[in-house]
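Engineer: Checked Swiss-Prot, it gives:
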- GLU254: active site (ACT_SITE)
- GLN11, GLU71, SER140, GLY144, THR145, THR179, ASN206, ASN228: GTP binding site (BINDING)
- GLU71: Mg(2+) binding site (BINDING)
- 1-4: motif 'MREC motif' (MOTIF)
Amino acid sequence: MRECISVHVGQAGVQIGNACWELFCLEHGIQADGTFDAQASKINDDDSFTTFFSETGNGKHVPRAVMIDLEPTVVDEVRAGTYRQLFHPEQLITGKEDAANNYARGHYTVGKESIDLVLDRIRKLTDACSGLQGFLIFHSFGGGTGSGFTSLLMERLSLDYGKKSKLEFAIYPAPQVSTAVVEPYNSILTTHTTLEHSDCAFMVDNEAIYDICRRNLDIERPTYTNLNRLISQIVSSITASLRFDGALNVDLTEFQTNLVPYPRIHFPLVTYAPIISAEKAYHEQLSVAEITSSCFEPNSQMVKCDPRHGKYMACCMLYRGDVVPKDVNVAIAAIKTKRTIQFVDWCPTGFKVGINYQPPTVVPGGDLAKVQRAVCMLSNTTAIAEAWARLDHKFDLMYAKRAFVHWYVGEGMEEGEFSEAREDLAALEKDYEEVGTDSFEEENEGEEF
């Protein structure tokens, strides 16, 4: 079996984890106490779901996951929530004091106390796997635990499980809405530290998701629950091919092979369609062609940036539900004829397709409509560099005045780490710029000298 272990770090990671496991349980017909739902037993003809759940002797299914936070309140909600019997108590790990939005606390002082315990618990999970495929790590860039502790954990996972792939689902600080003033610092420090350890990072921007909730789902004031349920649909689509059998299945390593042209350029843009409320879905027929073309609309994206200004390097379309390859080919051919979508000239074809026959499941009482088919597009585009540029700019404004830096230095960090991280991100922006330039232009430049 090809097992995946999910690691949920910090408040964002744990709350997204709640939404994801709730959805996974519904999709696989597993009840809140981990037993099979008698009515839903027909869903699980295949046992692919064991990539995400392990089965105990008495027929209980336990998620292969750990939830970690340096302060207890968020994980306590899981311990007392509907799914408290689903998780093994040792899978829920909490510290006593939080990282206080401070990368240095998560990475150096407070994080150091918990890291060995966490790795020990992860080791127990990996020992129960017959063929571990890799780790999915959920966290935010802006928080102290999400940024600091995650980067520490990634470094240690690289040491212990060198060749196993590590995919991140990261919550990127929104351009307008901010939960902490020091988000730019934390984000840049964590990106710098995890850049060499992460194989692929799917970024999700809260503001983009707020907008989707307002615009497509008619929720006036979206809560984190609304956001997380939408994010969990995306995570479910990306991991569906690992949990169900399908016509064109996609493996974790296959994502990287098809999406990451250079090791550092591993931040695909995620788009999901159809995102539609139940009232609207009742009156619309969402064909394969329609959902495919709406994937290329900037307002279905999970990060605010404009791919019409960038170039695509690779594109992965993951369909689920009532979809046949013929429709997909027609839809993609139609996309290719549109001139708005530019591919880099060194990667002419660039579409990888996965089809999974399990239709999307929705959480009862949730916001999304039950639809017959859905698509999740992962595209590696140079436009995502806009997101880095925005963050870097905010970082520069604060760092020029050395604002808030003493909090980091006070926790044992050196000031040099800030400039080192900033230079690394400047290099990342440059990498994106160079990847997007046409190869024939470079050949001409060489002749002038």
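Each residue, glycine too, has its Cβ placed from N, Cα and C.
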Engineer: Cα-Cα, whole number of Å: ASN206 (GTP binding site) versus the residue listed as 'active site'?
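Structural biologist: Rounded to a whole number, the Cα-Cα distance is 27 Å.
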Engineer: How many other Cβ atoms sit within 10 Å of the Cβ of GLN11 (GTP binding site)?
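Structural biologist: Looking across every protein chain shown, the total is 24.
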Engineer: Sort out for me which one of GLU71, GLU254 has the most neighbouring CB atoms within 10 A, since those are the recorded positions we care about.
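Structural biologist: That would be GLU71, with the most Cβ atoms nearby.
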Engineer: Per DSSP, to which secondary structure element type does THR145 (GTP binding site) belong, with helix, strand and coil as the options?
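Structural biologist: The three-state answer is helix.
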Engineer: Check the Cα-Cα distances from GLU254 (active site) to the binding-site residues GLU71, GLY144, THR179, ASN228 and tell me which is shortest.
Structural biologist: ASN228
Engineer: For the binding-site residues listed here (SER140, THR145, ASN206, ASN228), tell me which residue's CB has the most neighbouring CB atoms inside 10 Å.
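Structural biologist: That would be THR145, with the most Cβ atoms nearby.
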Engineer: Which residues does THR179 (GTP binding site) neighbour through Cβ under 8 Å, counting only same-chain ones at least six apart?
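Structural biologist: Looking at Cβ-Cβ distances below 8 Å from THR179 (GTP binding site), excluding near sequence neighbours, one finds GLY142, GLY143, PRO173.
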Engineer: Taking the Cβ of GLY144 (GTP binding site) as the reference point, list residues of the same chain whose Cβ is under 8 angstroms away and which are at least six residues distant in sequence.
Structural biologist: GLY10, LEU70, ASP98, ALA99, ALA100, ASN101, ASN102, TYR103, ARG105, GLY106, ASN186
Engineer: Among GLN11, GLU71, SER140, GLY144, THR145, THR179, ASN206, ASN228, listed as contacts of GTP, what is the widest Cα spread in Å, to the nearest whole number?
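Structural biologist: Taking every pair among GLN11, GLU71, SER140, GLY144, THR145, THR179, ASN206, ASN228, the longest Cα gap is 22 Å.
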Engineer: Averaged over the motif 'MREC motif' (1-4), what pLDDT does the predicted model reach?
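Structural biologist: A mean pLDDT of 81 is what the predicted model shows over the motif 'MREC motif' (1-4).
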